[in-house]
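Here the structure is laid out as structure tokens; the discussion comes afterwards.
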């Protein structure tokens, strides 16, 4: 099986190195490629590089660095770099979870979505970490990821245009739960600084809200807080079909 690894934290991030170690140790791939951004692109969502030259650096025959966003990196990886399309794309392991409303900001999920648009099985992988110490424990992915990949690839109901988003908790995981995305808006602290000139600079700091305000029992937010690995299927047709149906009924009675 040909597996393509990518991320949004950058080619030199620890998470993608750990991911490659896990894939190699699991023996699930006969061919492993790494195509990742040059620098950290956290929070860039599905932004793309247009109308300017994008440099690609060859590290080895199967490892490449792209000086662009995760979505662009994946697009070029699939269209120009890896040749025959991979059997699986793994995006991560992201430093920090991608849950609730954060999924639309996530470059990790965006890279996986780019592959899913081409009907390639794609899994976005994220690891919660201690925001105070900054330490990341990779034991949960090492323990659970192979089994999760095997299980998902064997799922006949998996529409390959759907991204599977896997989030690992900070503590030793109790098990796995399939969950909904949930609603989660992190607390944003804005630091304001007046510069010597006439400009003002702002720094936005993102922190998690109190756990009591974080989610329902069946969503990824609450399940993570309870110590479970969460698996959430994400589709990127963002149409609200309930509202669409009501608007279509409304339109029937209008003379516009």
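The backbone N, Cα and C atoms fix where each Cβ goes, glycine too.
Divalent metal cation binding, as stated in Swiss-Prot, involves 8, 9, 94; the candidate among 39, 42, 60, 122 given for that site is 42. Sequence-distant contacts of residue 8 (divalent metal cation binding site), defined by Cβ-Cβ distance under 8 angstroms and a gap of at least six in the same chain, are 37, 40, 41, 42, 44, 70, 91, 94, 106, 107, 108, 110, 111. One way to see the shell of the divalent metal cation site is to take the Cβ centroid of 8, 9, 42, 94; the remaining same-chain residues with a Cβ within 8 Å of it are 7, 10, 13, 15, 40, 41, 70, 92, 95, 96, 106, 107, 108. Neighbour list (residue 9 (divalent metal cation binding site), Cβ cut-off 8 Å, at least 6 residues apart, same chain): 15, 16, 40, 41, 42, 94, 95, 108. Sparsest Cβ environment among the binding-site residues 42, 94 (other Cβ atoms counted within 10 Å): 42.
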